[in-house]
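In what follows, a single structure is set out as structure tokens and then discussed.
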């Protein structure tokens, strides 16, 4: 008897086209055993129905994926307890304060985003084409936004950003540099909490709560961790999404022209760009804490399950004509780009506004934006938790 050869994930590092294997799996085997880069076996779910089942069932735990001996999607780049960061925040009684601080409705925040986007684009126009929309627009805009929301100096953003190229690696083996960067960034945020000049944003609020006797049970480590994780996860998610959204938009000149002519349609456009977004390179990992029936498979306690977002978001059973961007879908926000259930992304509203304002500013300044190289010449980062091109060269 020959052993079954397991499919290896991820299928592709490219964020501009969905692998053919996704549709085939969703049709034939919406739950299928695969092998991760660590050599561990996992169940890959690829239909909308099964993906939502796993994300909404609390017996599939994100926290337990970091447990000692658990099958791994990839090596941890943060301390194990940080995997359950939002759970730790809620347990400490800090969720309300954090959510209030990261709303895009904070006074002056949207104008700050517009001003920053316009300034970045003006610099690119002054320098002339070709311009790099990832390194000189999407990522700096995301970095500036999160410095503003955190209430930390803008000049500190690039230093913190440099940690992310290692923090979000997808490696089979431990990454020594990740701990070095983590310890340095924690030390930075601890210093921010002690800085009397930091009075605004999330860190200003955490600094006040840290001195409140009602929060004496919360460790300084957790207060600092909130700052580090919010910056890291927020910047990498918003920056990579805007980058891949711009690629999708450039590939669809009719949509680009429509959103330029009718900017009021940009929110609907962003929702569809979120749905077809391929920036999340690996399936969302969950560990079964009980035996659970998923489709035709009984997932056993202790087994790893991977939720394939592009499988769900391109499922024609839920989104007819899934490869087409349709601004009048009846269920526009039911995609899983921000997850689902207890780990739904807390920064979803902020991420939407970042993309909406960034795209609106770009189309005003560069209405004819186009790739400056053939799309197959884009170099996609490999072994990374996000699908991003190293550069996004454009002309206009």
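Along the chain as shown, residues are numbered 1 onward.
Cβ atoms here come from the backbone N, Cα and C positions, even for glycine.
Feature annotation from Swiss-Prot assigns substrate binding site to 77, 85, 86, 237, 301, 385. Swiss-Prot lists 286, 343, 345 with the feature heme binding site. Positions annotated as site 'Participates in a stacking interactions with the tyrosyl of cYY' by Swiss-Prot: 168, 182. Feature annotation from Swiss-Prot assigns site 'Important for the position of heme' to 346.
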Number of Cβ atoms other than its own within 10 Å, given for residue 86 (substrate binding site): 19
Those residues of the chain, 6+ apart, with a Cβ under 8 Å from that of residue 85 (substrate binding site): 225, 226, 229
Among the heme-binding set 286, 343, 345, as the record gives it, the longest Cα-Cα distance in Å: 15
Around the Cβ of residue 343 (heme binding site), the count of other Cβ atoms that are within 10 Å: 20
Binding-site residues compared (286, 301) - the one with the fewest other Cβ atoms within 10 Å: 301
Cβ atoms near residue 182 (site 'Participates in a stacking interactions with the tyrosyl of cYY') (within 10 Å, other residues, all chains): 21
Recorded positions clustered about residue 86 (substrate binding site) [Cα within 10 Å; pool: 168, 182, 286, 343]: 343
